[in-house]
Structures are given as structure tokens and as C-alpha cells.
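The compositional bias 'Basic residues' annotation in Swiss-Prot covers 830-853. Residues annotated as compositional bias 'Basic and acidic residues' in Swiss-Prot: 854-866. The domain 'Topo IA-type catalytic' feature in Swiss-Prot is assigned to 165-585. Per Swiss-Prot, region 'Interaction with DNA' is recorded for 207-212, and the stated evidence type is similarity to another entry. Per Swiss-Prot, region 'Disordered' is recorded for 830-866. Annotated site 'Interaction with DNA' per Swiss-Prot: Trp71, Arg188, Gln195, Arg331, in sequence order, evidence recorded as sequence analysis.
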Amino acid sequence: MAPTVLMVAEKPSIALSIASALSGGRMSTRKGSTDVHEFDGMFQGSHAFFKVTSVIGHVLSVDFPPAYQNWEGTDPMDLFVAPVLRSECNPKAHIRRHLAQEARGCTYLVLWLDCDREGENICYEVIDCTGIPKSEVGRRIFRAKFSSVTEKDIMDAMNNLVLPSKDEALAVDARQEIDLKVGVAFTRFQTRYFQGKYGNLDSRVISYGPCQTPTLGFCVQRYQQITTFKPEKFWSLKTYVIKDGNEIQLEWDRKKLFDFDVTVMFQKMVASDGILKVTDISVKEECKARPPGLNTVNLLKVASSALGIGPQTAMHLAERLYTQGFISYPRTESTAYPSSFDFRSALAALAHNPLWSNDVRTLLDTGFVKPKQGHDAGDHPPITPMRLATEEALGTDAWRLYQYICQHFIGTVSPDCRYTRTSIEFTSGGETFHCVGNRVTSKGFTSIMPWLAVSENNIPAYKKGDAVSIHKVDIYEGSTTPPDYLSESELISLMEKNGIGTDASIPVHVNNICERNYVQVNSGRRLVPTPLGTTLIRGYQCIDADLCLPDIRRFIEQQITLIAKGEADHLQVVQHVLQQFMKKYSYFVKKIENMDALFEAQFSPLADSGRLLSKCGKCARYMKYISTQPMRLYCVTCEEVYYLPQNGSIKLYKEIICPLDGFELLLFSMVGPDAKSFPLCPFCYNSPPFEGIDKLFGALKLDDTGKVGKGAGMPCFLCLHPTCKQSMITQGVCACPECTGTLILDPVSAPKWRLYCNRCNCIVLLPHAAHKISTTDKKCPTCESTIIEVDFNKKTTPLKDGATLHEGCILCDELLHSLIEMKHGKSFFMRRGRGRGRGRGRGRGSSRGRRGSSRHDDPKMSFRDF
């Protein structure tokens with residue numbers, strides 16, 4: 001029997017490319033969690049049956065056990081020594097189960113994951129999921145190394161299989177554990193400490209990250225240079241001569257002086273002389289070197305500065321171009337091509353695009369030059385176009401990025417730009433002036449990269465010893481100016497220089513400081529720190545500057561590199577780094593008042609923030625509504641904070657009082673045409689009076705997700721109070737046909753009356769011709785749903801003889817059922833004799849038990865967010 005070879009790629013599109021190349025297009029495909037492509041072929045000299053499938057990035061993520069996920073019940077200090085576990089990144093995708101099923105009965109496993117450290121780490125995740133022992137590496141388990149998804153590269157990789165690198169996989173494990181524990185410990189402490197104290201502190205999570213925070217530190221450092229800058233006046237001489245009827249300005253060798261009187265003295269000396277003597281003429285042949293190969297960091301910098309595309313977006317576009325086979329692997333630190341690289345084939349693939357066809361054909365006909373010797377990081381060749389694309393196929397931004405990659409590659413194999421530089425030196429009154437002219441003799445690579453062209457300017461011809469009359473000598477007055485805010489491109493350069501992040505993670509860190517509201521991206525993609533970002537960095541600086549300096553992260557990256565090279569034990573590195581951060585965390589906690597003083601100076605206390613909105617059920621005084629994230633109410637008298645649902649609007653709801661606690665109800669409205677609106681009691685929402693409600697409703701809350709703060713859980717549509725007219729008991733109509741929830745009458749949806757599910761996004765549109773719709777205390781004898789009363793408009797009533805009032809069950813009453821419409825769900829069938837009732841939130845019971853038991857215990861705060 002022929003052996004079975006399971007091959008696993010990182011993305012479905014790459015799996016398809018691999019299968020197509022190895023099978024010659026003769027394969028069958030069947031559906032699974034990801035597609036499985038099957039074909040017959042040869043493996044290690046024997047006939048074999050191949051199965052090619054894929055994961056979708058990382059299969060497993062590192063996290064804390066459930067016992068450590070409660071923000072209130074866990075001391076952040078304990079996280080440094082807490083165990084970590086690996087759970088499936090996306091349980092709904094069922095990748096783990098898929099790999100285990102496909103691996104059954106397989107003889108060999110070939111790993112086609114991306115060829116970087118993350119890819120090596122995913123290799124071992126895949127091995128764990130398949131159940132094949134790690135001891136089989138080299139016998140049954142192999143690794144394919146490739147830099148593009150072209151047929152040639154795939155065939156070469158298949159013919160030269162290697163082994164996955166355990167050391168590189170362990171290096172990623174070490175970084176993940178360090179970033180998780182350090183980031184979550186600091187984040188939980190400072191978020192809990194500062195949230196709820198200040199009303200205009202606009203942030204749900206005040207996060208810390210070993211990479212994220214030094215990245216922010218660079219932005220704040222530039223901001224501080226700008227705010228502390230003091231302009232200073234300066235003066236310079238502008239000397240002019242007339243040649244062939246043209247006025248020519250000469251540059252003063254002293255550039256500028258900061259003493260006006262001295263500048264005036266030099267002006268008088270030159271003016272009194274009246275003649276400029278040509279003392280030297282220099283003519284040199286200069287060369288502007290072609291660029292080396294393109295690596296990830298340089299691509300991101302150009303995308304931001306020249307194309308206006310942010311690093312995160314640029315990386316996503318580059319990855320898409322790679323998976324579609326248009327470019328080589330986009331995550332590389334190398335700028336040097338291997339000696340065996342086939343430049344002629346790469347150029348020939350681009351010859352038919354009219355934008356650069358002339359340049360390419362010239363290079364192919366007259367000969368191209370090899371790129372400059374760059375840096376060889378030993379990972380992947382520089383980013384290179386692999387096949388021709390069109391703007392229509394890629395879309396605007398992807399095309400612009402692809403176009404630059406093509407132009408850069410063509411530039412690397414083009415000749416250098418050559419030009420003649422002429423410099424003429426003049427003297428007068430003991431002062432020296434000069435003028436410089438450039439004349440391009442060979443455009444070289446700048447013909448394909450015109451933005452790098454040498455500026456040409458012709459200067460008049462003079463001979464040494466010529467005496468030239470001075471036309472005028474002016475004094476120019478100016479002031480020094482502060483530096484501009486850091487651009488994304490400049491920030492990326494600083495991160496690379498200081499060892500912050502990797503070519504793969506740099507875009508994530510830059511994006512995170514924007515997402516966390518620490519900086520804002522202004523015109524020119526310049527990063528302006530917010531008050532929160534500035535105050536955080538100033539706080540770290542006054543407690544422990546190491547927390548926001550790049551030195552620690554640089555040290556960590558160096559240690560992780562040693563692990564990847566097999567020169568350091570990953571457990572010892574993790575233990576050593578965490579011990580250092582434990583000491584810093586302990587000191588930070590003791591000195592947090594220093595940071596708090598800065599927050600107090602920048603932000604307003606809750607008592608001074610917000611507007612009066614609703615009455616407190618405890619003291620009967622009006623509470624203040626704080627609209628900044630996270631939205632909340634604050635009772636000045638009781639000094640209590642009540643968190644509210646986020647990402648919507650809040651207003652008082654008809655001055656209705658909750659019968660359980662005396663608080664005034666609020667109406668929360670989500671955003672969007674089909675979004676829900678629902679009433680809630682602030683106290684019940686934060687402290688659900690019925691057991692299990694907070695778990696039933698997947699609202700955000702501090703002790704589970706760290707997104708909102710304390711508590712959150714029970715709007716009125718989940719309340720089980722038997723007589724309250726806003727509760728699920730009185731407003732619930734029937735079980736949701738899509739999930740285990742209950743359809744609730746939307747109290748403010750008139751005139752477009754509707755029901756919405758209290759668990760999923762299912763919406764049922766009720767008769768629009770109704771003047772009023774309300775629930776009754778009657779039950780349908782057939783299905784036990786609540787009978788509703790509909791008051792139709794007189795002009796549009798469907799009832800006989802102009803009647804307007806009608807009672808019925810929306811499931812069993814033929815008239816009402818014909819007038820309702822289902823949205824965001826499956827078809828809504830009439831029920832006959834099922835007798836399941838409304839379910840009181842349980843809907844169809846055990847038939848959807850698995851969906852109903854979904855948990856919301858994702859704290860995540862994992863390393864990817866820091």
C-alpha cells in the first residue's frame with residue numbers, strides 16, 4: 001500500500017498553490033475546516049498519496065488558566081509565576097480537530113509553514129495537533145523551505161526537504177510567555193488603578209507592553225522636544241551676482257550666525273570690497289548608488305512616507321500579494337540576494353508591463369548589473385516581484401505597493417546614477433561663498449525610480465581668477481524651528497535601530513499605540529501623542545525610566561535570538577527576564593502615586609466631570625453621566641461608579657423606576673439602522689439580582705475581559721422580575737428561532753415595530769401599519785407564546801369593516817404571521833402544537849445546547865495585543 005503524505009501550509013491559498021504545482025493541476029478537492037487537496041505522486045522515490053491542507057495562522061495561543069483570568073480575584077504579581085496553557089486560537093474553525101483527523105493513517109508529515117520564527121513555532125503546533133511524536137522529526141516529519149509560491153520554488157523546496165527548527169520555535173514560546181505575563185500584569189494594575197478615578201480619561205484599557213511602551217516612548221520623546229523647544233533668531237548673508245542677465249545667489253560658507261552685529265560687520269566688509277574673485281573651480285564625477293534589495297522595514301517606511309499607507313495595512317497588502325503569488329515572502333530582514341538568484345527570469349516576468357517595459361528590455365538586451373551587496377540575515381531573499389499583475393486584479397492600494405516593489409527590484413539591477421558636480425568658490429572681503437551645479441550624465445536606476453533622481457541645475461561658466469561684480473548683499477533673518485512630530489517611517493527606523501520588535505511585529509506595535517488612544521495619526525502620517533500617551537510615558541519616567549526605554553526590550557530580543565540559535569536555554573531566559581520585571585513591577589506599584597499626580601494634573605476627577613442624568617436609588621440624588629470610554633454613571637454622594645454598555649448612546653427612559661432597587665431606568669441605543677435599543681437599570685446591570693444572568697448575557701466586564709471595568713450583565717430584557725413591565729417576563733414574546741434566546745418587543749421601535757432576540761442579532765419586523773403594539777398577559781394555547789395586541793392605523797388596517805384592534809400569536813395567527821418579516825436569520829416558520837413556549841431565555845432547550853453554552857471567558861490580553 002502506498003504511503004500517505006500529509007502536507008500542511010499556513011493559509012488555504014498557499015495550500016492550493018502547493019497542490020497545484022506538485023500535482024500538475026491533476027487533483028481533487030474536498031471540503032473540511034480548510035480545503036483538502038488530494039493527488040497521487042512520488043515521495044522519496046516511491047509512489048505516494050498526497051493530502052495538502054492548511055491552518056489559518058497560529059493554531060494555538062498562550063494564555064492564563066481560568067483561575068488567573070479574574071481581574072478582581074487575582075493579584076497581578078501572581079501572574080509572573082502563574083502557569084500558562086495553550087488553547088486553540090479560533091475554536092470555531094476546528095483546525096485542531098481537522099489536523100488530527102487528516103493525520104490518521106498518514107505515513108509522513110511535511111510542513112509548509114512560513115519560513116520565519118513564527119512559522120517554525122506553528123510547525124510544532126501542527127505536530128502537536130496531529131499527534132505524531134516529535135521524536136519522528138527527520139524520519140516521518142519534514143520541513144519545506146521556500147520564499148515564494150511559484151512552481152519553481154515549490155518544486156525546489158519539495159526536492160530539498162529539511163527539519164523544523166525546535167530552537168526557533170522555543171524562541172517564539174519564550175517571547176510569547178514574557179510578553180503575556182509582563183504586559184497583562186502591568187496592564188491590569190494600572191487599568192484598575194486609574195479607571196474610575198478620572199472622568200475625561202478616554203480609554204477602556206490602559207495597557208503596557210514591553211514593545212508597545214518603548215514605541216510610544218519614541219513619539220513622546222519627540223513631542224517633548226517640540227514643546228520644550230525655544231526658537232532662536234539667526235542671520236545669514238545672501239550675496240547675488242548677475243551673469244548673462246540672470247541673477248545668481250551664492251551660498252555663504254558660514255551658513256548662519258546668531259549675532260546680528262557680527263553679521264552686519266561681515267556684510268559691510270563684503271559690500272565695501274564690491275568684487276567677488278573666483279578662487280577655485282572643482283569638477284567631479286559623482287555616483288549615486290543603486291539601492292540594495294528591499295526588506296520588510298524599508299518597504300513599510302516607503303509605504304508610509306511615499307504611498308500614505310500605514311504599516312499594518314501595508315503588511316496585510318504585502319501578505320496578500322505573496323499568497324496570490326505576485327511577490328516573494330514579504331517578511332525578511334535581508335537586503336542581499338543569494339548568489340544563485342535568477343535575476344534574468346525575474347526581469348523577464350515583468351517585461352510586458354508598459355510602465356517599465358522599456359527599462360526592462362534595455363536591461364535584458366544590454367545587460368543588467370547585480371545588486372549591491374547588502375545585509376544577509378540568513379532568512380529570506382529580499383522582497384521580489386514573481387509575476388506580472390494588473391491594477392484591475394489587485395485594487396488601488398495593493399497595486400501601488402506592488403508597483404513600488406517592481407520598480408525597486410528593477411532599480412537594484414540597473415546601473416548607478418552618474419552626474420557631474422561643479423563647485424565654484426568665490427571670495428570677497430575675506431569671506432567665502434560658493435555655488436554648485438549638477439549635470440546628470442547617466443540616469444541609471446533613477447529612470448525607473450524618478451523620485452530618487454539627482455536634481456539638475458546649471459551654473460554659469462567661470463574661470464579661476466575671474467573678478468565678478470557684486471550685485472547686492474542682503475541680510476536674511478530667520479528663526480530656528482522645532483522638529484516635526486515623528487512620522488511612521490521615522491518611528492519604524494527608530495524601532496529597527498533600537499531592536500524594538502521584528503519585521504513581522506513592528507506594524508502591530510505601531511498600530512497598537514494608535515488603537516489604544518496613545519497617539520493620533522495626523523496629516524503626513526505623523527504621530528501626535530494624546531494627553532493619555534504623554535502622561536503615561538511621563539509617569540514611567542518619574543518612577544522607572546527603564547519601563548519606557550528600548551534598552552530592556554533590546555536585551556530581551558538579544559536573549560531570544562540566542563535561544564533561536566541554540567545558545568541559550570529558553571526556560572532560563574524566561575525565568576531571568578520575569579524575575580527582573582517582578583522587581584520593577586513591585587517598585588512601580590509602590591510608587592504609583594507619582595504617576596497618579598501627573599494624571600490628576602491632566603485629567604478631571606469624576607466628581608468634576610459629566611452631566612447630571614438619572615437618580616441614584618440609594619441616595620435619590622442625581623448621578624453624573626461620563627460619556628468618555630468607558631461610559632459610566634458616577635454618584636458623587638455615594639461615590640459609586642456604575643458601568644454602562646459601550647459604543648452607543650444613553651438617555652433617560654421615561655423616568656421609570658426599577659421596582660427592585662429604585663434606580664431610574666436608562667435607554668441604551670446601539671449604532672446602525674437595525675441596531676437594538678433597550679432599557680436598563682444601572683444597578684441591576686452592574687449587580688444582576690438573579691443567578692446566572694451575568695454569564696447568560698455576553699456583556700463586557702472587567703473580571704472577564706478587561707474591556708469595560710467592574711460588572712456588567714443584566715439589561716431589562718434579561719430580567720426575570722414577574723411584574724416589571726420592562727422585564728423579559730412581560731416583554732418577551734416567543735423563543736428565538738436562531739438561538740436559545742427570547743424575542744423581546746422593542747419598546748421604542750415605533751412606527752417600525754419589531755422584536756429582537758436578547759442573545760443574537762435576529763430581528764423580526766412587525767406590521768408597519770400599526771399605531772401601537774404591546775404585549776398582553778395572555779398565552780397562545782397552541783405554542784404558549786405571548787399574545788400581542790396590535791392597534792392598526794385606521795387608513796391602512798387589514799381588518800374587516802375598518803376595525804383596528806387585533807390580538808393574536810405571531811406564530812399561530814395567520815394574519816399576524818403573514819405580516820411579519822425575519823431579518824438576519826433563517827426563515828421563520830409557523831409552529832403547530834410544539835408547546836415549547838417562550839423558554840424564558842432558553843428557547844428551544846437542548847436542541848441548541850452547544851450554542852447556548854458558549855462561554856465568554858476570554859480575558860485575552862495575550863501577547864498579540866502588546
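Every residue gets a Cβ built from N, Cα and C, even glycine.
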For Arg188 (site 'Interaction with DNA'), the one of Trp71, Gln195, Arg331 that lies nearest, given that the recorded sites are compared by Cα: Trp71
Cα-to-Cα gap, Trp71 (site 'Interaction with DNA') vs Gln195 (site 'Interaction with DNA'), nearest whole Å: 13
Cβ contacts under 8 Å made by the region 'Interaction with DNA' (207-212) with residues that lie 6+ beyond its boundaries: 178-179, 182-183, 186-187, 190-191, 500-501, 505, 509, 512-513, 516, 547, 552-553, 556, 861, 865-866
Gln195 (site 'Interaction with DNA') versus Arg331 (site 'Interaction with DNA') - Cα distance in angstrom: 38
